[in-house]
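> Feature annotation from TrEMBL assigns coiled coil to 29-63, 508-540. For 659-694, 702-737, the entry in TrEMBL reads domain 'EF-hand'.
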């Protein structure tokens, strides 16, 4: 039946693969390819069925009940047809792929031909713009088109490369491919030629429109400036004439620039004529008109400049004369004062102002007076119509100037006399201020030191304070001498009968009160230092008492921890688990008894806190730290008791030997270097390797799935450590992990017993098991009782033992 079904399927597939239909267009080829993929998947699925048929044939051929030659013949026929189908499928896929390439090429070529046709319409336009803006817009569009052609050229080349490869591969339709390729290349060349021709025409049009725009721009500027230089306004004030002159200077500067621009425009026109531009006549006409307008503007500008300069000269003299007269009048008013200063500072300020005033007179003589005189001489030499008025006004100005210089010299002399008088008083003021400032700084520092609260933390600190106070008492004689000097300076200052000292707010009366107050503060400081000395002596005794008890308690904690963790209890006792448990219990009772000693230390610590003792040089231990260490030691003792109880239970119920448990424990303690009662992950891995676990060596950061699986058991919450209890539970479970069911244990004992009897002899146990295992079985197995209720000598019931073991 299987052969018939498979044969029928082969016939259907052969008919499908024999088809000569490879598609008429790209869509039909894609559909045929999808169908062929489904057929190939079906062939792959039937290959597994063929394997099943071959396996059935092999089974039938090994049996003598069937004709093996007939089975072999059918199997070979089916296998041959299946291989033929696979070959036909491969051949048809190749032809379909070739057809797909051909139709895809035709599709790509049709798309590119359509694109070229569209661009030809754009580059065949006869519109080259009627003005500069129009030409520029058309040129921008053409630049974008040229960029689009350049960007599209790789796609064109890709189609050509595909067509050439198809033609070289002798594809069906080679002649049609070559014909379409030649036509495609011709269309592409034609498009690029049309684009280049249009670009050239647009560039020529752009040059002409730019020339016209430049000419029109310059003509507009010239027309505007002709109106300006034809004006009859030459200014009736100095400000007005200066404004007009500045405008004219700006115009001339601008005119120079525009003449250069006109030359550039004409040069550009000559270049266009040399290029045989079809607007040659218009270009020549515009150049001639532009040059004529430039010449007319230049003549009108020269005439206006001469008239402006003539009017400016007279107005300039009047303005400068007004300025000099106003300046002299202002300075005359500043000298009409009787203020010669009230003290040295005000006199010096007035002298500084006077020196500045004199410097201003000298500077004005070099500039203002000299300039007005030179201008007067120039106008008189030119025989100006107002020469008499100009000369009279200049003479009046010079008379006032001479009187101003004399008044200034008189005021400066009086100010120098006042300065000499106030300088003597000022020297006394400054000397007193400097000395009183230094004395006050010394007093403030002394007062700060003497009134600083006397709070020390050790006998050394109070000793240093008392030594510093003695040194201060020794320096008082120097301060007394400074105080006497200040009193003498104050007497001299008061003899001049002047106002208060401007450089300091201190007075001699205030300093005398300060000196009396200092003597009082010194006595109070001495009493506080004596009181603090007594307090520090009492605090030091309390530190020593606390340190004595804390150091002894810490030493006991360290020794007890070492005793519990390094195996001392195993050395002292017999080494059995029971003896270790008893030793650990006794040590834990000792730990609980030491709680009273910790209470005494805590009381001493509280007394130190009450006395505000924050440090203790006699010990590094604190109340909180010792309490935490004691609590950890108490917890360690309880954990070790619990661990030993678990080991005893494991030994009694699982058969794990006491030597193995002892080895596990000793190995854990070996790797617990810091005696913390737990191992980190790296120490735990090293411990397992020492016990014979074959864990792979991996680089840091790389995954270690085997070790991670172990950590899932002993450290599921990943706190980073493995306690002794977790470690022992894991090792015990590994020792017994091969015992999976009571039936397996019974089968093992049955194999030990001769002839598979329901009991095992004592000799058989000792012959096949270790001595520890045999002793355990003999001590826990019940004697075997036969069906008549008789006990057999040296025979043990392993069935009842195994079942009771798994129930427990």
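Including glycine, each Cβ sits where the backbone N, Cα and C put it.
In TrEMBL, annotation is done automatically, which means it is predicted and not curated.
What's the neighbourhood like for these features in this structure?
Listed as Cβ neighbours of the coiled coil (29-63) (distance under 8 Å, sequence separation of 6 or more from its ends, same chain) are residues 2-3, 6, 9, 13, 16-17, 21-23, 71-72, 74-75, 78-79, 82, 85-86, 89, 92-93, 96-97, 99-100, 103.
Under 8 Å from some Cβ of the coiled coil (508-540) lie the Cβ atoms of residues 436, 439-440, 443, 446-447, 450-451, 454-456, 458-459, 461-462, 465-466, 469, 473, 483, 486-487, 490, 611, 613, all in the same chain and six or more residues away from its ends.
Sorting each residue of the domain 'EF-hand' (659-694) by its DSSP state yields 23 helix, 3 strand, 10 coil.
Note on the domain 'EF-hand' (702-737): residues 639-640, 642-643, 646-647, 650, 654-656, 660-661, 664-665, 668, 677-681, 684-685, 687-688, 691, 695-696 of its chain, located 6 or more positions outside it, place their CB under 8 angstroms from a CB of the stretch.
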> Check the coiled coil (508-540) for me and report the mean pLDDT.
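Its mean pLDDT is 86.
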> From the DSSP assignment alone, can you count helix, strand and coil residues within the domain 'EF-hand' (702-737)?
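The composition, in the requested order, is 22 helix, 3 strand, 11 coil.
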